[in-house]
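Read the structure below first, then the notes.
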Amino acid sequence: MNICLIDETGAGDGALSVLAARWGLTHDADNPMALVMTSARLELRKRDEPKLGGIFVDFVEGAMAHRRKFGGGRGEAVAKAVGIKGSYLPQVVDATAGLGRDAFVLASVGCHVRMLERNPVVAALLDDGLARGYQDAEIGPWLRERLQLIHASSLTALEAITPRPDVVYLDPMFPHKQKSALVKKEMRVFQSLVGPDLDADGLLAPARRLAIKRVVVKRPDYAPPLGDVATPNAVVTKGHRFDIYTGTPA
């Protein structure tokens, strides 16, 4: 994949070249999208819109930490949707990981989550965030145990994952209407990088074959059901719904 690669660390140790080789990235000086290695983290920037700032994954501080400490925990809609109840903490495959927010919420309340991400740049951002999270004294021990990244396309990986999870979680990219600054910023950068999930409808059937108990699909409230497959079961929040489909018992 072509992207502009920028090293702002000043270290001169070739770490960016190693990272590019690992994720199959080729430097393109004219590309408006840039993957930037700073001394603190890896960032994705849209060079023709510098005011948007950098997109990065941070499980330790900022919004993720606030959500972990002060969010709803088990009461969050995503936790209810995957079926967390009492001592039951399902094994989850998040087949459209993105920046890992929902996967992190599930891991923070005790679920073991395997994240799938096919875009190499997004996977690199996730991997960088995980590496820093794993080193953190407070969350590192349980994060290492509960949250893992698999760089693969869900369309193929969902046929081959073992052991089978209790739940497959899907949150395909869908054009957002919301006007919040964060969503606008992230979606503009993300959609410039990866575009819409045009093949997302093809995920539901393999997800239902893989999941032992259920498949959960997060949708904006104005979006049709994935693949136009309606379900009467959903957890509904302001702005979103989590459609729930049966899996395939072991």
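Glycine too: its Cβ is placed from the backbone N, Cα and C atoms.
Over in Swiss-Prot, the protein carries these features:
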BINDING   ARG101, ASP102, GLU117, ARG118, SER153, SER154, ASP171  S-adenosyl-L-methionine binding site
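In the three-state DSSP classification, GLU117 (S-adenosyl-L-methionine binding site) falls within coil. Most buried of the binding-site residues ASP102, ASP171, judged by other Cβ atoms within 10 Å, is ASP102. In the three-state DSSP reading, SER154 (S-adenosyl-L-methionine binding site) counts as helix. In the structure shown, across all protein chains, SER154 is the one of the binding-site residues SER153, SER154 with the greatest number of other Cβ atoms within 10 Å. The Cβ of ARG101 (S-adenosyl-L-methionine binding site) lies under 8 Å from the Cβ of MET64, ARG67, each of which sits 6+ residues away along the same chain.
Looking at the residues that bind S-adenosyl-L-methionine per the record, ARG101, ASP102, GLU117, ARG118, SER153, SER154, ASP171, the two CA atoms farthest apart are separated by 19 Å.
Long-range neighbours of GLU117 (S-adenosyl-L-methionine binding site) (same chain, six or more residues apart, CB within less than 8 Å of its CB): THR96, ALA97, GLY98, ALA123, LEU126, LEU149, ILE150, HIS151. For ARG118 (S-adenosyl-L-methionine binding site), the same-chain residues that are 6 or more apart in sequence and have a Cβ closer than 8 Å to its Cβ are HIS151, ALA152, SER153, SER154.
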